[in-house]
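As structure tokens, the structure follows; a few thoughts come after it.
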């Protein structure tokens, strides 16, 4: 049997084998990906350019948008190109790189969502100490720790993937490389590796989700003591965060907290959190946030005026 040191390439089966549906997949996900990149880049540029968006919440939103763009880019371009390709070939090195990038930016998104929840908790439950606790220096340290944690997680995942011995046929029943579909191709007992996968990715997803839900329950409970205006503003911000948390963590928990059994719905579930959620995040955070919308209007209004003067 050939093992992973001699695997030249894999073949991705993609979302569908039907030619007509592949064209539909191409159009839909091209729109989704372009929307994701444009939306998140718009948020990044707005936060960097606006003086009114200097609070820790927008500091973390900047990194969430960056992680969203990179997370989607780790899978979407190949899915789009493969939709029009007769043979969806990915080399072994490209596959391992995709596994690493997927987990690096996916984990970073999880950690940033936790930091945003911490920020909301301090802002609402400890408003007098907020400037001290969430100082710029503290926020930078937290983001650096998030990057370090993400790097450790993705390195652990790639080590597991590199240890897998593969035997032909090298057909991955997915649109991207990830540990779950790769485990199905391994010519070895994958019980221990799957246990490590669940204890790593599964534990991160499940524990982070529980931490986030509990923190937002505490935040919402504490809003009873706030004024109507303050309650409305805080509730709007928290609702946006809760929507993002549920949309992202639901599919992640489904994928990473069970044995490596392939269900027909797995690929569509993965599409939802790798491409769907990064597309929806900019819409959720801009449509429900008056400060971001106003900053965007000022930014582009000023840009139009400067162009007209020029």
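Each Cβ is built from the backbone N, Cα and C atoms, and glycine gets one as well.
Taken verbatim from Swiss-Prot:
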type     : residues : note
TOPO_DOM : 1-23     : topological domain 'Extracellular'
CARBOHYD : 4        : N-linked glycosylation site
TRANSMEM : 24-47    : transmembrane segment
TOPO_DOM : 48-55    : topological domain 'Cytoplasmic'
TRANSMEM : 56-77    : transmembrane segment
TOPO_DOM : 78-98    : topological domain 'Extracellular'
DISULFID : 95-187   : disulfide bond
TRANSMEM : 99-118   : transmembrane segment
TOPO_DOM : 119-137  : topological domain 'Cytoplasmic'
TRANSMEM : 138-156  : transmembrane segment
TOPO_DOM : 157-193  : topological domain 'Extracellular'
TRANSMEM : 194-217  : transmembrane segment
TOPO_DOM : 218-233  : topological domain 'Cytoplasmic'
TRANSMEM : 234-256  : transmembrane segment
TOPO_DOM : 257-267  : topological domain 'Extracellular'
TRANSMEM : 268-287  : transmembrane segment
TOPO_DOM : 288-310  : topological domain 'Cytoplasmic'
Cβ-Cβ neighbours of residue 187 (disulfide bond) (radius 10 Å): 14
Residue numbers, six or more beyond the limits of the topological domain 'Cytoplasmic' (218-233), whose CB comes under 8 Å of its CB atoms: 117, 120-121, 124-125
PLDDT averaged over every residue in the topological domain 'Extracellular' (78-98): 92
CB contact flag for the transmembrane segment (234-256) and the transmembrane segment (24-47), at least three pairs under 8 A: no
Cβ neighbours within the same chain of residue 95 (disulfide bond) - under 8 Å, at least six residues apart: 10, 172, 177, 182
Segment proximity, the transmembrane segment (99-118) to the transmembrane segment (194-217), 3 or more C-beta pairs under 8 Å: yes
Contact set, same chain, for the topological domain 'Extracellular' (78-98): CB under 8 Å, 6 or more residues outside the stretch: 4, 7-15, 22-23, 25-26, 29-30, 33, 158, 161-162, 172, 175-178, 182, 275
Intrachain neighbours beyond the topological domain 'Extracellular' (157-193), with Cβ under 8 angstroms and 6 or more residues off its ends: 1-4, 7, 9-15, 74-75, 78-79, 82, 90, 94-96, 98-100, 102-103, 200-201, 255-256, 260, 262, 266-267, 270-271, 274
Residues of the parent chain within Cβ reach of the transmembrane segment (99-118), under 8 Å, 6 or more residues beyond its termini: 57, 60-61, 63-64, 67-68, 70-71, 74-75, 142-143, 145-147, 149-151, 153-155, 157-158, 161, 176-179, 182, 201, 204-205, 208, 211-212, 215-216, 219, 241, 244-245, 248-249, 252, 274
Three-state secondary structure, which DSSP defines for residue 95 (disulfide bond): helix
Same-chain residues at least 6 beyond the ends of the topological domain 'Cytoplasmic' (119-137) whose Cβ lies under 8 Å from its Cβ atoms: 56-57, 59-60, 215-216, 218-219, 222-223, 226, 234, 237-238, 241
DSSP-derived helix, strand and coil totals, residue by residue, for the topological domain 'Extracellular' (157-193): 14 helix, 4 strand, 19 coil
Positions whose Cβ lies under 8 angstroms from the topological domain 'Cytoplasmic' (48-55), at least six residues beyond its ends: 62, 291-292, 294-295, 298-299
